[in-house]
């Protein structure tokens, strides 16, 4: 009985073979009888006892421990019914899908299956072929897995970014981006080329999310080599840390967050090493630092809120900045509050600045977790799997700039410091460096201080400066490498301000040849006819007067030396009339004839007499003949001087006048006459002072003649200006053949200044060039003055939006050459300063 009780309590032994007992076999406990080994109660035979699965005889006392009876093998498991219901529901949904949706679903299924197997799917393979390959790989006892590990699968795992070749515009259901947007691939490839740089394009939320615009950015990032991608990331890092204003930082933040939003909407795998994912953490700190430049204690103070100190404390916690000092015993409470702040939805904050910074912090935390996990796992990683606050769902493209700049301009307070800081915060700010310190007290090895001259250069505090470049001709010295023709624009580049800051500089490849030649001709004629503009008309007329008077005074001084008491012949009078009709073109004759005087001495006196009889053009610094007789000059330079040698030294006198004129050109004031003018006037005064005593009785006649001379000079100047304007208009409207025709002798003096510079002054290789505005990194000469646009040039801006430089067209007759500008010259180059914003790099 004792043995039976133990067995009853312990149940059957572990070595008891139930299968043998069921089939009638003899077990190891066969020495015991059937009744001794097992006791069955009334109504329960052995088969029912075994089928019930009871392991101990006291099951009647523990009925609640009795297991349920096993179902028949032919009946399906309970979960099979659930799968049938799910498949039936899914089948109904598939019936509602269209052909395009079904194609997208096939691509998604193929991508998921390939991702589950850990290998790269073939884009061209059909889903059925892919399924068969996957099934065969499962039934090959890991042979396929080993081959993948040593073949193409190893290359896939060594990739720095997940493969997104199967994510196409069609598979994602996207549209092509509008044609008015710049090409993303060209923007990234030509990011260091100033010619192809455009203003940032304003793109809407629908265009960014529903087109393939950002998908092209992502694919280009994946295709870049690791070295180029790292350089691009460093460029972005410096751009974020050196942003000139809060507006730029907010725009960069929206750019990064929009890129992440696109990945979340279309469920793209994240590349933790691309441009925008790598720099999202810097955006958070840059935004907080820019906001912290303002008076946050006043900006965050809202009526009815918790106070500015509490809101500022929350703002610092969002940016993971050290909390502000709190009272004793409040460290744990501050830590708990910061934990709650980081887990709150971004839009749950009541202040717009807090919401904007919370959105950036949430995106940065998601990407940071993915970047840390990518160091240990191969991925792929998706934004949806790490968004625990719903920040990616609540964000809309451009939301950061909207939250910040909808609140800051409307802030009103009585704090003067807050208003000054807010004004600076809403506009780009520049450096206020007044002096640069340099240590010149370095000691010698003997210990004595030695004063040295400054060697440190002042930092570039104004990086936004336009850079000018010019293209030299073939005859000049090649010290500066010329820029390529494709990067050349006009000498006065115009940017349409009505286009919202867009760059209207066209591409030479898309411009017709006629339009190209037309603007080339216009660019050259504009430098010749500088006096057509209203701003520089007076200055150019004064310059023309000084230049034309230079040649006339030389001939007049030579006539005085030969004999001023000779009378005028009728031929001289007739030549004077002809030259008066032709304008001031004949003024350059004295210089040409004086150079030929040594070879042809017999013709020098005639030519000088013809030149002396010519009346000078009007000028503010050239007095009339009568006024020169009445007003002797009081300056030492205009005092009477002895007569020059009669006719034996005309060349020496000419050289002396030219040398003195060149020396005086760089030291005289803008309103002062040149040396040639003063000496010519002094020669006239000395010659006329001898005959002034005999002509004193006719002073009234001289006054009347003076008035008539002034009227004639005024009429002549008006006629010349009108003819000059007509000439400029004809040149702008002329064809290429008309522009190539040589200029006849009866033309006006509109191009006299350029021709006379070539005759009177030696050609300088530095000045023989055609200036065109470009962004090539070349320094502008200090003698060139840069002027802003005048309001009166609006019509000219509309007419000449884009001017091109054609290297095949050379200046005609060497007329278009810019002389070296001195501090007193009035030759002014008009340059457009709107290109300064393009030289920030």
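One-based numbering along the chain as shown.
The backbone N, Cα and C atoms fix where each Cβ goes, and this holds for glycine too.
Taken from Swiss-Prot as is:
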REGION    12-82  region 'Disordered'
COMPBIAS  32-49  compositional bias 'Low complexity'
COMPBIAS  66-79  compositional bias 'Pro residues'
REGION    115-163  region 'Disordered'
COMPBIAS  132-147  compositional bias 'Low complexity'
BINDING   298, 411, 413, 418  Zn(2+) binding site
ZN_FING   298-418  zinc finger
REGION    444-749  region 'Disordered'
COMPBIAS  495-507  compositional bias 'Basic and acidic residues'
COMPBIAS  514-526  compositional bias 'Basic residues'
COMPBIAS  553-563  compositional bias 'Basic and acidic residues'
COMPBIAS  591-603  compositional bias 'Low complexity'
COMPBIAS  614-623  compositional bias 'Pro residues'
COMPBIAS  641-657  compositional bias 'Basic and acidic residues'
COMPBIAS  688-699  compositional bias 'Low complexity'
COMPBIAS  708-731  compositional bias 'Basic and acidic residues'
REGION    774-811  region 'Disordered'
COMPBIAS  793-809  compositional bias 'Acidic residues'
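Sparsest Cβ environment among the binding-site residues 298, 413, 418 (other Cβ atoms counted within 10 Å): 413. Counting every protein chain shown, the Cβ of residue 411 (Zn(2+) binding site) has 15 other Cβ atoms within 10 Å. Other than 298, 411, 413, 418, the residues of this chain whose Cβ falls within 8 Å of the Cβ centroid of the Zn(2+) site are, in sequence order, 295, 299, 301, 412, 415, 419, 422. For the compositional bias 'Basic and acidic residues' (708-731), DSSP puts the residue distribution at 24 helix, 0 strand, 0 coil. For the zinc finger (298-418), DSSP puts the residue distribution at 74 helix, 0 strand, 47 coil.
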